[in-house]
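What TrEMBL shows for this protein is this:
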type	residues	note
SIGNAL	1-33	signal peptide
TRANSMEM	71-92	transmembrane segment
TRANSMEM	162-185	transmembrane segment
TRANSMEM	197-216	transmembrane segment
TRANSMEM	228-248	transmembrane segment
DOMAIN	369-469	domain 'Calx-beta'
DOMAIN	490-590	domain 'Calx-beta'
């Protein structure tokens, strides 16, 4: 089957209001910059004179040059321009990478849970909105700012031809063109929501006000000049913008004037908050203060599980380890990215440095290693390593690993673990377990086993959790503190092996001779073979024509019985005994229909009817 997605014509993008307004501003600006005499002759073209640059002088002689000389000099100057452009891009890339490291710094917050246990949660030091409006904006606009500074220095601190146009033009491009493109590329039938709506209103309002303010100070208050009070007031608008955006992001006034329970609900419902910490190292806070961070963690966990299910449908024969790696890569690709990321990505592609997201980054995230920062030498952390496991339903027994790092490793530490139901339930999908782990002197890792129940019943992929609690320390350095660190809860994803199956051809292309008579094409059933499934198929003309011309057209179905994994489609090929070039046609698989679902606990003749259920995909 083939499906087509309707999409807006590119002309719709060019005629969108933001783009039209941007083009209008460009035309008005260019028209005002050109001076003409009384006869309508353009003076700028007649009196153009090359001026020495900051780094490159004027190539003398500069007058009465032939076309060849002009072309050669244009190539040289353009090559130097590209060289400088790449240099500025590389410098900005390094600068943005440094800013990205600064804004991604995290601190550990010790949270007291309801049962009295403590959990270490990592939160970012920098507020996302503040960092985007300050450091991120500075770094991403570094080339424009640098270009303006170079011109000012070259003009002996007098106004040049570029002036504020470099920065204002870049801002106009971001405001009109980028927003227009972002709206245009959304596929039909899909929606995108603004995550921080209040922050967007604040920044959008100040963006529009900035153009009005520039117009007033340049053309109304003091035409052709910038006075000191205008400069001071203009600069003061920047911290005001950051402050109002921060207030809109954290909703400080809402928390002050509204009831606490109402605020907590609204904050948790649609917008993220940031936690202010009193101690620069760690702080002990009430769990309600970090509800948002914990809910974000659970949301990320849920998204990861959904992505894992999607990838498994696309790659039914991949092993669990490969599925985890692909899911981790997809999570990184789907995650929110700062402007710094896209700036660095573009620069790396221009210079051939490749994609920013590398497999090594995925492996680092899979290892759940604790970042080597300045940690308390007397603090010992205990955590699952890794925090996510993916196993098949028929795995039987598998092991989980708990690790500890920091502090005095000679201390004997005991802690409890227990399983917690998710979509998988104890007794039906896995064997409930609880017990005590013991880290003996010098041990960094401790393992225990869990058992998965293979029930041979078709069901969705499920998951459950294992939690750590109740730490007891025996011996060792009395100054050593032992705490549970994230992740203290391990997620076990159980992939079902009892699906009705995913259907596909053994090969995507096959070559047969015209004199073969009857050609056979095998259709395979993978990732499960439960139930009776009817799979429609049909032939589709290509350069070879059906209806008895080159082959017999067929529109039929295959019926796979329970535990049957392979069927054959037979197509009669017509030998017309004429010389002709090679031809081709297609065989398409339709949507599978689950006719009967077999319950292995009952005799073979006891089946559950489920007409119309799609048991897989046909792939050619």
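From the backbone N, Cα and C atoms, a Cβ is placed for every residue, glycine too.
Those TrEMBL annotations? Automatic predictions, nothing curated.
Quick one: where do these features end up spatially?
Applying DSSP to the domain 'Calx-beta' (369-469) sorts its residues as follows: 3 helix, 53 strand, 45 coil.
In the domain 'Calx-beta' (490-590), helix, strand and coil residues by DSSP number 3 helix, 47 strand, 51 coil.
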For the domain 'Calx-beta' (490-590), what is the mean per-residue pLDDT, to the nearest integer?
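For the domain 'Calx-beta' (490-590), the model's average pLDDT rounds to 83.
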